[in-house]
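Asks: What TrEMBL records for this protein is below:
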{"type": "BINDING", "residues": "88, 92, 201, 457", "note": "FAD binding site"}
{"type": "BINDING", "residues": "427", "note": "substrate binding site"}
{"type": "DISULFID", "residues": "381-420", "note": "disulfide bond"}
{"type": "DOMAIN", "residues": "252-266", "note": "domain 'Glucose-methanol-choline oxidoreductase N-terminal'"}
């Protein structure tokens, strides 16, 4: 692990993984079993900041953000809703609520994954960084409230995405220490991995290979350096082109489409606006962006001195459409917190888009999610508020508080529509921008380019399970195994057909 550019400058690797986040770390660890890997991360090491990995500081990174160096990078979508993305080794798994729950069996079937390999990949992750929680009094109260509101049956502790109320996994161990995707790097071959920190990829370097463009390597800058001072690292160039590795973008639902655009892969007109030479007119890059609309209800208006608490239980309701959880979140650095019950819409129909804001890769792209733009989403938001209000007003929550919570939410359906529009928030589960079929194929290869793949939340068409972390951790391992098997079979470049 290094921040010294000279250790990778001009060197070649079998694989280059861009983004040391939730999917990127297990992917790099798996590929390192047989190949040399450069894992490049724009943020720093979380291991040098103990508060990041201590449960009592959960939520603190959300309180202090800046443009170029904070571990959580703030952005505001064009909808006007504040949001965050990870900027640290481990990615969002280093700063999120740490709730772990697998995707549904139906989701795995629909996306066409190998069910046996999926199960093995989940278990590989779980054996290292996932734990069964010891329920706190707050979580016990939330669990009772969910059942009281009719979110049945009670399923006890489960990894699986099942209807009703359940206790989920957590990345916090019994000593309150957070475990993150970067811990999985220990499972790789350390002699085969170089982790370069505080380096931001500016674009991908290409060369011609017959009638196609092929990836040669990456061009990057120091995250705190000049945009004009660039460095390069390359893919190894074996004589047998079928044994050629890949640059794999795992930079997240904002970062991966942004890097494609900065590299000249995307809609022609948009790239011309920024004078970026066109490599491939791929209109799907940045399209189909989605974020799950959430509605939080604060159950006690006055902040109090209480340790922050991530959720340990979840309610999965209305045919898997609604996800309900309880949080205790910090509102300041002096240990004051607010308790809230939040609900999200699992399958929104509204979609938006992502475009460049600048040619500086450190700046956030412009993103529009179009929350509740589709009438169906707005109708379901009204139902969401009615359900979360039942949970928040339950006898179980009142007993925990010692008083009846004041939830000033109307019961009038028309007024609830306005309430939804005014109070919609992110659940931080945004996805899309590099969809299968329009940007990548089913092996996660970028259509029309040799040696380039994308593997992260930008490839998802929905947020799997209660939240995507477990499935993205699994997917890094899963696709790493698939690539290793592919190399064994000598078929690194399968046929690619434009849809």
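Keep in mind that glycine also has a Cβ here, set from the backbone N, Cα and C atoms.
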Asks: I'd like to confirm something. Which of the recorded positions, 381, 420, 427, has a Cα closest to the Cα of residue 201 (FAD binding site)?
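Replies: Closest recorded candidate to residue 201 (FAD binding site) by Cα: 427.
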Asks: At the level of the C-alpha atoms, what whole-angstrom distance separates residue 92 (FAD binding site) and residue 381 (disulfide bond)?
Replies: 26
Asks: The record names 88, 92, 201, 457 as the residues that bind FAD; what is their largest Cα to Cα distance in Å?
Replies: 18
Asks: Taking the Cβ of residue 427 (substrate binding site) as centre, how many other Cβ atoms lie within 10 Å?
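Replies: Excluding its own Cβ, residue 427 (substrate binding site) sees 23 Cβ atoms within 10 Å.
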Asks: Near residue 88 (FAD binding site), how many other Cβ atoms are within 10 Å of its Cβ?
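Replies: Here the count is 27.
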Asks: How long is the line from the C-alpha of residue 457 (FAD binding site) to the C-alpha of residue 427 (substrate binding site), rounded to the nearest angstrom?
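Replies: About 14 Å separates the two Cα atoms.
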Asks: Among the recorded positions listed here (201, 381, 420), identify the one with the smallest other-Cβ count within 10 Å.
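Replies: Result for the recorded positions 201, 381, 420: minimum number of other Cβ atoms within 10 Å at 420.
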Asks: Using DSSP, what's the helix, strand and coil tally for the domain 'Glucose-methanol-choline oxidoreductase N-terminal' (252-266)?
Replies: 11 helix, 2 strand, 2 coil
Asks: How far is it from residue 420 (disulfide bond) to residue 427 (substrate binding site), counting Cα to Cα, in Å?
Replies: 14
Asks: Just to verify: the residue among 92, 457 with the fewest other Cβ atoms within 10 Å, which of the binding-site residues is it?
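Replies: Sparsest of the binding-site residues 92, 457 by Cβ contacts within 10 Å: 92.
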